[in-house]
């Protein structure tokens, strides 16, 4: 059975761009007769807030997106909150250490910026140059006596990792194009997203991942972890991002396009989901449409591959429920 997931980060209220990705993930699972899991990715204690988690669940339900397992209703694979799963991440990190696949990195952020040199294009930043990759036990001990606390990095395996994305087709990358050896745990003990999401998806039996195209470039990193852990990765479908009228990616700073703000402004939920259905090519024109009425209509044949720009008058259009 297909097991898809919605995996919001409770670091703010969800916005129209989040709703776009979540609706497509929900539809992909529902029209395949599958289950939908909700997982709160609150792995970063400096940014995540419980009140945002509650608000996100309320907003998703208001939009008409439900789930079969999650933080509020439980399920066989819980807990469905990353901050309560850190022991699992520690255990898997120990497994990787036993395999010789990780090593301590004592580089400070300032040193990493210096090592990076010129600005590096792409979401993953400059490749890690391997400064700490082959430190001896004595060198590690000396750095720890200096008061340095190590992060833990993956020793990138040889070769490339390939996958067939549901929208963007065949992809492959490895080594420096993936940022080189990447951190699995920060020096302050916080586990990295890449490790947490793979451990969780394996434990929860996730077979289908639908998410924004901004995460396309980090997929080979996750495939490297799947390979080392001997687990089957899910099928991936990356969808284009929504941009504002100036061409910038929608983010949590766009408060006027938060689902909560749209709701408070009197925009009906079906207007929002109908607009998103039109963008996905599920319906020819913008009309109110609930997610449940779109089941069976999602197709990669009609999904755009380029980022989608929302017009400057998007709020007025959403209120009216029409593209005119």
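Placement of Cβ uses the backbone N, Cα and C atoms for every residue, glycine included.
So that you can see what the record holds, here are the features copied from Swiss-Prot:
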{"type": "BINDING", "residues": "5, 6, 7, 8, 9, 41, 193, 211", "note": "L-glutamate binding site"}
{"type": "BINDING", "residues": "105, 107, 128, 132", "note": "Zn(2+) binding site"}
{"type": "BINDING", "residues": "252", "note": "ATP binding site"}
{"type": "MOTIF", "residues": "8-18", "note": "motif ''HIGH' region'"}
{"type": "MOTIF", "residues": "249-253", "note": "motif ''KMSKS' region'"}
5, 6, 7, 8, 9, 41, 193, 211 excluded, remaining Cβ within 8 Å of their centroid (L-glutamate): 39, 40, 197
Farthest-apart CA atoms of 5, 6, 7, 8, 9, 41, 193, 211, residues recorded for L-glutamate, distance in Å: 16
Residue counts (helix, strand, coil, in that order) that DSSP gives for the motif ''HIGH' region' (8-18): 3 helix, 1 strand, 7 coil
Confidence summary for the motif ''KMSKS' region' (249-253), mean pLDDT rounded: 80
Environment of 105, 107, 128, 132, the listed Zn(2+) site - residues of the same chain whose CB lies within 8 A of the CB centroid: 106, 112, 130, 131, 133, 151, 153, 181
Nearest recorded site to residue 41 (L-glutamate binding site) by CA-CA distance, among binding-site residues 105, 128, 252: 252
Where residue 193 (L-glutamate binding site) falls in three-state DSSP terms: helix
Secondary structure tally of the motif ''KMSKS' region' (249-253) (DSSP, helix then strand then coil): 0 helix, 1 strand, 4 coil
Densest Cβ neighbourhood among 5, 211, 252 (binding-site residues), 10 Å radius: 5
Residue 7 (L-glutamate binding site): tally of other CB atoms within 10 A of its CB: 21
Assigned conformation of residue 41 (L-glutamate binding site) - DSSP reduced to three states: coil
Cα separation, residue 7 (L-glutamate binding site) to residue 132 (Zn(2+) binding site) (Å, whole number): 33
Cα separation, residue 193 (L-glutamate binding site) to residue 105 (Zn(2+) binding site) (Å, whole number): 17
